[in-house]
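**Student:** This is the structure I want to talk about, given as structure tokens.
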Amino acid sequence: MSMNVVVLSLFVSSLLLSVVTASDDGLVRIGLKKKKFDPNNRLASRLESEDRQALIASMQEKYGLHNNLGDHEDTDIVALKNYMDAQYYGEIGVGTPPQKFTVIFDTGSSNLWVPSSKCYFSVACYFHSKYKASESKTYKKNGKPASIQYGTGAISGFFSYDNVQVGNLVVEDQEFIETTKEPGLTFLAAKFDGILGLGFKEISVGKAVPVWYNMLKQGLIKEPVFSFWLNRNVGEEVGGEIVFGGVDPDHYKGKHTYVPVTQKGYWQFDMGDVLIGDKPTGMFLPMPRFCAGGCAAIADSGTSLLAGPTTVVTMINHAIGATGVVSQECKAVVQQYGQTIIDLLLAETQPQKICSQIGLCTFDGAHGVSMGIESVVEEGNGKSSGVQFNAMCPACEMAVVWMQNQLKQNQTQDVILNYVNQLCDRMPSPMGESAVECGSLSSMPTVSFTIGDKVFDLSPEEYILKVGEGPQAQCISGFTALDVPPPRGPLWILGDVFMGRYHTVFDFGKERVGFAEAA
């Protein structure tokens, strides 16, 4: 699930009003307007740091550390509201007559949930619209309990059935979650009421049939395709559009590059190398934290930033001058073992064996494994005991990748050791993002992603989030570190930072994802 969408969400705009208009092409467009946010808002500044801290934990919950899997006339368009390039949401109706809710249209989850009128003890529910079953003629009782885990806690409630209006479509008897518990300040400050998941049924909690599946089953749209256009211009009123049943040619240039979905659940596909400037990051080492032969990637409209393996994100943040938290483990590895690692690389030792040879990892025949990672369950009481995770192993493996990258560029050993020490300083904060100087955007490199047979560039203006105006403005790196373990990881999450530059087509019928330059 995607509660990381709330990261950085307390800065710039708020919902003003929504207008439904019918255009000449027979499509219904739900227009959304916005107004500037007051940067002096005390509640926003007080909640800001807590929202930032939720980012990594939330994405870890979503992507495999505590994944909660559940046992024209032909198109429909929902306009999206752009909230500081951090939240995109639109309006739906639940019930008859429809009760209005703003929801995140999230390709990284598969359930629909909205707050319930039976939510009595969570403060967040008092600041958002609540669904009242008693006021709907089409409500049907279900009652099965539901819980979805996030990094900041679990929302919980129960399933119900009712009609759901999306644009000019009405999906009948849709199973959804009425939430009765929404803990933490994250939901309190969120600009949306709920989430409408557009992922595959394989990750639907409670095995509820997703809204998208019912749209197709009920014949509401003919083409099994939906597409996203996210307007990254904060100054414009329209935040973007999601088109159900096809694509709008006005929203992209050229042709889409399509790649097949490799694992249904999330919209997951294979990705090639990441380039900083025009130089590859060399992340194809056969180690658990790197991409042997390529990385998996996920197109996720519910994630604000762009997340990837710490090794590569650290290299990117170093290249753009972003400052994060100093990692003592990283510096200790460089100081004690840096020269040895270089010597082993020059002796053409297999990179994946180096960290085990110097005693920081255990080699399992394919790659290094952190020593002391096993945990023993004591008989009788179910308690777990064992050694704490050894951070020196991943730090060593990152150092090997960085040094090998520099050796390929024929750098001297002193330069290499100095460079890796700098990377240690640039390692992202484990509980937040990295900041850059707003005045240095012009000197920052392009960062590119290889997808299919095409390289997709992101300019500094596209991967840096600017918060505020004038001398008080802050600039935040759009790259954040997330290490998803095998077999699901390592992977990249291409969130709104990427989807804002590239119009994205989710082709359900052909099980593929397509990207083209947004217009």
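Glycine too: its Cβ is placed from the backbone N, Cα and C atoms.
Because TrEMBL annotations are produced automatically, they should be read as predictions rather than curated entries.
Feature list, courtesy of TrEMBL:
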| type | residues | note |
| --- | --- | --- |
| ACT_SITE | ASP106 | active site |
| ACT_SITE | ASP300 | active site |
| DISULFID | CYS119-CYS125 | disulfide bond |
| DOMAIN | 88-516 | domain 'Peptidase A1' |
| DOMAIN | 325-365 | domain 'Saposin B-type' |
| DOMAIN | 389-430 | domain 'Saposin B-type' |
| SIGNAL | 1-22 | signal peptide |
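Would you situate these features in the structure and describe their surroundings?
**Tutor:** Of all Cβ atoms in the protein chains displayed, 26 besides its own lie within 10 Å of the Cβ of ASP106 (active site).
The Cβ neighbour count for ASP300 (active site), using a 10 Å radius over every protein chain in view, is 30.
Contacts of CYS125 (disulfide bond) defined by a Cβ separation under 8 A and a same-chain sequence distance of 6+ are given as PRO115, SER116, CYS119, THR179, GLU182, in order along the sequence.
For the domain 'Peptidase A1' (88-516), the predicted model reports an average pLDDT of 83.
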**Student:** At a 10 Å cut-off from the C-beta of CYS119 (disulfide bond), count the other C-beta atoms across all protein chains.
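**Tutor:** Taking every protein chain into account, the count is 22.
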**Student:** At the level of the C-alpha atoms, what whole-angstrom distance separates ASP106 (active site) and ASP300 (active site)?
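**Tutor:** Pair distance, Cα basis, whole Å: 7 Å.
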